[in-house]
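**Student:** Pasting a structure here, questions to come.
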Amino acid sequence: MSPKRDGLGTDDGLHSQVLQEQVSTGDNLHECDSQGRSKDTLVREEKTYKCKECGSVFNKNSLLVRHQQIHTGVKPYEYQECGKAFPEKVDFVRHMRIHTGEKPCKCVECRKVFNRRSHLLCYRQIHTGENPYECSECGKTFSYHSVFIQHRVTHTGEKLFGCKECGKTFYYNSSLTRHMKIHTGEKPCKCSECGKTFTYHSVFFRHSMTHTSGKPYECKECGKGFYYSYSLTRHTRSHTGEKPYECLEHRKAFGYHSAFAQQSKIHSGGKNL
């Protein structure tokens, strides 16, 4: 006996159900819309997949499956060098470039390279002069969204993300999440060599180097070694004189983000980045 096919939960069943409904109503499946697409094509295009946990909707089942990893906590992509794991391959590849120093995204104007396309797109605004973020209060325009957010606070005084434990405020939720570990005592990063635990992954990774090869990134100018490629990049500016962080209030440039952030706090009333 062949299994009963009620069509529930299958693509074929869903499509058959749609066909039956259209036959009963007399709809013409092969009638075209204004763009030349038949109705059966439109039915297939509009089929959606909904997450039962949060209600997010996707047009492909594969996207839903990938999204559900956020709720399940599954992180199948693990980088062996540091042990950090990611739910999606794109995040894994992005993290891997921190270790390898790979920067595949190149600016066609000045040949400067970046490890992320989003960083390149932001940087290109220096050449184009584009300032897409405009303050509705004073009319000032900004190239970067982060700088725009910092400026906006000077008008509104809004506290974007506040710690309920100590009242400290932050521009970004990720900064608040990182800060909260101070209060919870959470130390999710454990060294497999000696058993030590760490609150922050960056500190854990630096510690793990004491068991292995030390500092893999070396400055060609002075020979100083670093744990991370971005630390080497930051150090290199002391030789080149590059100052990529500009305060738009006073047109002052900085070689390090920490110095730029300190200057920004002066304008924003002391709020942390």
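Quick reminder: no glycine exception, Cβ is built from N, Cα and C everywhere.
Because the structure is a prediction, the values reported are computed rather than measured.
Per Swiss-Prot, zinc finger is recorded for 49-71, 77-99, 105-127, 133-155, 161-183, 187-211, 217-239, and the stated evidence type is sequence analysis.
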**Student:** Under 8 Å for C-beta pairs, could you tell me which stretch among 49-71, 105-127, 133-155, 187-211, 217-239 has the largest tally with the zinc finger (77-99)?
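**Tutor:** Ranking 49-71, 105-127, 133-155, 187-211, 217-239 by Cβ pairs under 8 Å to the zinc finger (77-99) puts 187-211 first.
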**Student:** Let's see if you can do this one: DSSP helix, strand and coil counts over the zinc finger (105-127), in that order.
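**Tutor:** Counting residues per DSSP class in the zinc finger (105-127), I get 11 helix, 4 strand, 8 coil.
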**Student:** For a three-state summary based on DSSP, what are the helix, strand and coil counts in the zinc finger (49-71)?
**Tutor:** 11 helix, 4 strand, 8 coil
